[in-house]
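**Q** Just dropping this structure here.
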Amino acid sequence: MTTPSRTESRGWRIGRIGGAPVIITPGWALIAVVLVVTFAPWLDSLLNLGFEAYLWALVLPVLLLVSVLAHELSHGLMARRFGVGVGEYVITLWGGHTSFTDAIRTPGPSAAISVAGPLANVALALLAAGGAYLTDGVASVAFAAATYSNGFVAVFNLLPALPMDGGKLLEALIWRVRGDRLAGTTAAGRCGQVVAIALPVVVLGGPLLQGGRPDLFAAIWSLLLAGMLWNGAHASVRYASAQRSAQGMDLRSLAVGAHVLPAGASVADVDRAVAAAPSVAVVLVDPRGIPVGLVDPGALATVPEQGRDAVPATAVATGLGRHALITQHTGPVAVAQVARAAKAGAATVVVVGLDGGAPQVLGLVAVADVAHALAPRRG
């Protein structure tokens with residue numbers, strides 16, 4: 001699978017490939033233990049190996065690690081061919097993902113990058129099948145396991161449902177036909193939700209319809225996989241819906257006016273500014289016109305009446321970090337700037353115009369108001 005780049009994932013960094021770190025998360029250790037504990041008794045019953053079966057069973061998670069890593073590296077190599085940078089390769093409980101440092105802006109590269117991973121597993125499955133045919137004993141069993149594991153990874157990832165690679169292919173196809181990426185994201189996400197529901201229904205319902213009982217191990221894993229698929233698909237649908245809402249966003253329509261005073265002003269200057277409009281906030285700007293502080297009404301009220309002209313306004317103001325200054329006013333880019341400000345702890349942002357090069361305070365916007373404007377259309 002592929003994801004946008006973010007901060008480095010938690011886990012054990014085992015090296016770098018092409019400058020991108022390769023990380024194994026703690027979840028992978030869990031799946032490795034489960035595979036060994038599950039596979040060893042079966043191998044012992046097949047070849048009567050005793051404790052040695054557990055040593056040979058360790059080969060299975062190693063083979064699966066190789067197949068997942070090959071899958072993710074194929075995504076990364078194909079991405080580099082299209083000029084898309086790779087942030088990291090991560091091996092997780094559910095397989096892995098590759099994150100990118102650049103956006104994929106056209107459907108063709110998106111499809112090629114998505115299909116590269118499953119094709120790598122198909123190639124490995126064919127090689128392993130040849131190894132199983134040419135060997136016998138434990139080696140043949142190991143090659144057979146590699147054949148089936150790579151085949152499963154390829155087929156499962158090609159399901160036309162986000163967050164799987166097949167969902168990315170479906171997204172790219174609709175994007176190419178309709179010229180609307182978000183329509184593809186929504187459709188592939190909905191397909192992912194259908195697959196998430198269908199998977200445990202098939203695994204549990206099939207044996208029941210035939211008068212049998214579902215295998216406990218298969219039932220548990222089908223439910224876990226269904227949960228993973230549902231969460232990923234639901235997140236994709238919400239993302240597409242939020243992006244739709246963001247496309248129609250104009251922060252200026254949410255902005256409220258503000259008094260603008262130089263940072264060298266006194267509390268008395270603030271009093272005079274707000275006398276006519278007490279409910280309007282006060283923004284302090286530096287000599288270049290850049291907002292540097294927002295007067296706190298609570299702190300302002302604590303200053304004694306006498307001597308207010310000697311107290312600097314900055315003493316009753318909270319500092320405005322650079323993330324709180326919003327220079328983009330419309331669309332997803334503006335929403336992204338507000339999101340970064342919120343992540344940095346800002347509850348209110350300052351919408352700044354840059355016409356003519358000199359900053360101009362256009363108004364204040366509460367982060368909560370932006371979230372409220374997006375929420376009704378998220379679905």
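Cβ atoms here come from the backbone N, Cα and C positions, even for glycine.
Marked as domain 'Peptidase M50' by TrEMBL: 62-132, 137-185. Positions annotated as transmembrane segment by TrEMBL: 20-42, 54-73, 111-134, 140-162, 216-237.
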**Q** Under 8 angstroms, Cβ to Cβ: which one of 20-42, 54-73, 140-162, 216-237 has the largest number of such pairs with the transmembrane segment (111-134)?
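**A** Most contacts with the transmembrane segment (111-134): 140-162.
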**Q** Over the domain 'Peptidase M50' (62-132), what does the predicted model average in pLDDT?
**A** 92
**Q** May I have the DSSP-based helix, strand and coil counts for the residues of the domain 'Peptidase M50' (137-185)?
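**A** For that range the per-state counts are 40 helix, 0 strand, 9 coil.
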**Q** Go through the chain and flag residues at least 6 beyond the ends of the transmembrane segment (20-42) whose CB is under 8 A from any CB in it; none is fine as an answer.
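**A** For the transmembrane segment (20-42), the list is 8-14, 53-54, 56-58, 60-61, 64-65, 69, 76, 86-94, 145, 217.
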